[in-house]
Structures are given as C-alpha cells and as structure tokens.
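What Swiss-Prot annotates here:
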| type | residues | note |
| --- | --- | --- |
| ACT_SITE | 49 | active site, proton acceptor |
| ACT_SITE | 60 | active site, proton acceptor |
C-alpha cells in the first residue's frame, strides 16, 4: 500500500477528511521553505503538495505565480526540490508528498532520471497540470511503474464523455478543481461540490480531494464534510508574500495550517 493509500485509509477509518496543503518549493528561499515543509505535518497537514517552480505557470493565479517567481529568484531548481524532499524524509517517513507543476522542467531534467530520483527521494505522487491522459506514455506510465501515483485534475467543465478517460489511469486520489479558472479564484458553493463529488463517485473509488478557492478554516470545514480531502494553497502562499521576514513567513504559514487543520478535523463532529 502506498503512503497516499495508507493515509487516506487511516483518515477514512477516523471518519475525517484530509488537509492537503500546497506550498511552492524554495519560497521564500530554500532554508525557510524547508522549515515550512518540515513543520507542516505537526501543524496538521495530512498530505503535502510541493510546487515545482516553472517560468510559465499558466494554470496558477497571481499568488502562486509570485511564489514561483520568488523561488526562482532565490535559485530554486528541480534538483533542489528533490533534495528538499530527501531532507524532509530524514525525519518523516509517513506524510505523503506530491510534486505539482508542469511537464517542461521534468522533460528538460530527463524523465527517466527524474522518476528514479523522485522515487529515491521519497516522492509519493505527481500532479502535472499540462499533461493530459493522451500523453500518459511520456510520464504517467514510467512514474506509476516506479510506484509513484499519478493524480489527475478534474474540473466543472470535464464532461461525462471525457471523465472516464481522465480517471482511467489515475491513482492516489482525484483532485477536483471546484472553480473553473486559475488557482486562488473564488470558491464553489456547497451544492455544486456535493453534486460534483456524487458524479465523480459514479466513475471512481479513489479518494476525492477538492481545491481552488478554499482560504479559511470555515470554508475548509464546509468542504471537509463532503470530500475525502481539502486542498489549500493560495491562502498559505499569501502568508509568505505578506511576511516581513523569512522567519515570520514560516510562523504565519504554520499558524494558518493549524487553524485550517482544526476546521477540517472538527467538520464531521
């Protein structure tokens, strides 16, 4: 059983949703980013999505675009992101880490090298936003052969004809993007999310995590009553942007994570 399967199974047995947190690797700098990464599990993160900085993050809103820029300016590379995961795994063997980003940096790095190094580092899954199922042979197939889950995004515009194709080779969990548009956009209604999850359940037994537009503990709790996972990214990344120092960024991100975790964990009581 993979770390992702194990984590979602444990939480299902506990009767609660997972808090899935997103931060960009190397933001605001390597050391502070590693501190945040290492601190997230104790602050209540059940699964961590770690963004791989790329110069053209087209699916991301302003907050994550700026985070990517800060990370790149601080010298973050894909090799350093893998190193960050290796350092995280020295002390934490249980929290799943999913790398999220775009195909171009992986293609430049070399797919076979990337898959081997990601597996060795302790990466559990990949979310590659610009690589549709038609291109599975390029990365999804070798990643899954190495034991790395390949997580698909579904959206309000993914119709019933397309959905089985998207979900066919998905593993780990399904990431439902509750709002059409870029990250950090407005949030979806409870009714919309309820209907969307019911539709997805007709096509897959995988855990369903819902993200985009979730910023507060109250919003996180509302989604946690419905979904297997609640994804929060832009709200955490904003804390880094607003911080006056790297130390403050670490403190503020972990503080918000704790508040979100409280919302998620209390949602079904």
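Including glycine, each Cβ sits where the backbone N, Cα and C put it.
The Cβ of residue 49 (active site, proton acceptor) lies under 8 Å from the Cβ of 20, 21, 22, 23, 97, 98, 99, 100, 127, 231, 233, each on the same chain and at least six residues away in sequence. DSSP assigns residue 60 (active site, proton acceptor) to coil in the three-state reduction, placing it in neither a helix nor a strand.
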